[in-house]
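Q: Mind looking over this structure? Questions follow.
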Ligand code: ATP
Ligand code: MG
Ligand code: FE
């Protein structure tokens with residue numbers, strides 16, 4: 001089965017081709033990606049209307065690029081997967097519209113994929129793919145969740161943020177430090193030159209006893225420090241960045257380990273943009289090695305939004321028997337808000 005995947009939920013346009021047999025891990029054949037980050041930077045955040053228009057501009061050239069890289073022709077594509085949600089409605093509609101039109105022209109099914117399922121399954125395209133069951137720590141710009149994953153379409157939410165996402169905490173703190181947008185990676189880079197112990201920042205909900213997160217208070221604490229430092233900020237910036245990163249990472253690591261303990265599972269999968277963070281990876285690696293647990297990450301290029309994870313999720317749902325053979329017809333809609341539990345697959349008999 002040759003699947004085309006299209007991602008357009010936010011500010012990345014991604015197209016990729018994945019090949020899947022009935023069994024075994026699907027293989028990535030080619031991928032093309034365009035990030036709109038530079039376009040939105042002047043506005044300090046994603047402008048939905050500009051995002052939609054840019055997806056329209058980028059998708060067809062990216063499709064050609066991905067096909068060329070994979071060495072396949074468009075008419076060989078056997079299913080077209082697209083991000084149905086969650087995300088920006090207008091941006092989602094661009095990908096959904098193109099995917100459905102292509103599927104119609106090719107006479108193949110169009111499959112609407114849940115964006116977070118894509119993130120969650122993305123480590124299966126790495127050199128060291130995980131095995132089910134596992135605990136997933138999903139840490140992106142819009143979500144922070146711990147999930148128990150027993151198989152494709154078998155997701156149980158263990159805990160999530162009650163306010164800001166971890167990526168948002170990185171980005172908003174970075175903005176307070178004058179590091180631009182989206183500042184998460186810049187804050188992480190600056191933090192490497194700083195002393196994390198130089199500021200005592202709160203670790204919200206760290207000892208709450210549940211698996212929920214809260215990052216809004218941390219942002220306020222960073223703002224308080226920025227105001228207090230005033231002109232001194234410039235000289236102390238790297239230290240404050242390091243302290244902020246340490247606070248976010250400490251909470252994420254603490255709760256991820258608690259989730260492993262609570263479920264008795266021995267495998268952790270980290271997905272989403274914040275999963276690229278080096279301090280987070282180092283601390284999880286170290287802690288899990290101590291307990292004899294395994295940690296799996298997506299390839300760095302697949303941590304943030306991309307088309308490969310969308311094609312992969314569709315391929316794995318197909319393998320799990322989760323798509324009607326005729327696809328979902330040519331009517332389409334998008335789901336800007338869409339709980340992951342809604343894409344549950346029935347448990348196979350004996351499975
Ligand atoms: P969602 O998937 O929830 O809709 P999204 O697609 O915008 O959100 P991703 O693309 O998965 O999120 O990740 C983007 C986020 O990851 C941003 O908040 C960014 O700052 C953060 N991020 C990327 N690299 C790093 C890093 N090295 N350290 C910390 N944060 C990072
Ligand atoms: Mg993005
Ligand atoms: Fe995402």
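Keep in mind that glycine also has a Cβ here, set from the backbone N, Cα and C atoms.
TrEMBL feature annotations, pasted as is:
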- 28-311: domain 'Gcp-like' (DOMAIN)
- 115, 119, 305: Fe cation binding site (BINDING)
- 138, 139, 140, 141, 142, 171, 184, 277: substrate binding site (BINDING)
Q: If you measure from the C-alpha of residue 119 (Fe cation binding site), which of the binding-site residues 140, 141, 184, 277 fall inside 10 Å?
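A: So far as Cα distances go, the binding-site residues lying within 10 Å of residue 119 (Fe cation binding site) are 140.
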Q: Taking all residues of the domain 'Gcp-like' (28-311) together, what is their mean pLDDT?
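A: Per the prediction, mean pLDDT sits at 97 for the domain 'Gcp-like' (28-311).
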Q: Sort out the sequence-distant neighbours of residue 141 (substrate binding site) for me: same chain, 6+ apart, CB within less than 8 Å of its CB, listed by position.
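A: In sequence order, 10, 165, 167, 168, 171, 182, 184, 272, 273 meet the Cβ cut-off.
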Q: Using a 10 angstroms cut-off on Cβ to Cβ distances, just flag whichever of 138, 139 is the loneliest among these binding-site residues.
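A: Comparing Cβ neighbour counts within 10 Å for the binding-site residues 138, 139 gives 138.
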Q: Which state, by DSSP, holds residue 139 (substrate binding site): helix, strand or coil?
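A: In the DSSP reduction, residue 139 (substrate binding site) maps to strand.
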Q: Consider only the binding-site residues 139, 140, 277, 305: which of them have a Cβ under 6 Å from an atom of ligand 1? Write none if no residue does.
A: 140, 277, 305
Q: Identify all same-chain residues not among 115, 119, 305 whose C-beta atom falls within 8 angstroms of the centroid of the Fe cation site's C-beta atoms; report them in sequence order.
A: 7, 9, 83, 116, 118, 140, 272, 304, 306, 309, 310
Q: Could you tell me which three-state DSSP class residue 305 (Fe cation binding site) falls into?
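A: SS state of residue 305 (Fe cation binding site) = coil.
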Q: Just to confirm: which same-chain residues, 6+ apart in sequence, have a Cβ under 8 Å from the Cβ of residue 140 (substrate binding site)?
A: 116, 119, 165, 166, 167, 271, 272, 273, 274, 304
Q: Rounded to an integer, what is the Cα-Cα distance in Å between residue 139 (substrate binding site) and residue 305 (Fe cation binding site)?
A: 12
Q: For a Cβ distance below 6 Å to any atom of ligand 2, name the binding-site residues from 119, 138, 184, 305 that qualify, or say none.
A: 305
Q: I'm trying to understand the geometry here, so how far is the Cα atom of residue 115 (Fe cation binding site) from the Cα atom of residue 277 (substrate binding site), in Å to the nearest whole number?
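A: Pair distance, Cα basis, whole Å: 20 Å.
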Q: Please check each of the binding-site residues 140, 184, 305 and report the ones with a CB atom less than 6 Å from an atom of ligand 3, ordered along the sequence.
A: 140, 305
Q: Taking the residues the record says bind substrate (138, 139, 140, 141, 142, 171, 184, 277), how far apart in Å are the two Cα atoms that sit farthest from each other?
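A: Spelled out: the longest distance between any two Cα atoms in 138, 139, 140, 141, 142, 171, 184, 277 is 16 Å.
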Q: Under a criterion of Cβ-Cβ distance under 8 Å and sequence separation of at least 6, what residues of the same chain contact residue 305 (Fe cation binding site)?
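A: Expected: 7, 9, 10, 11, 12, 14, 115, 273.
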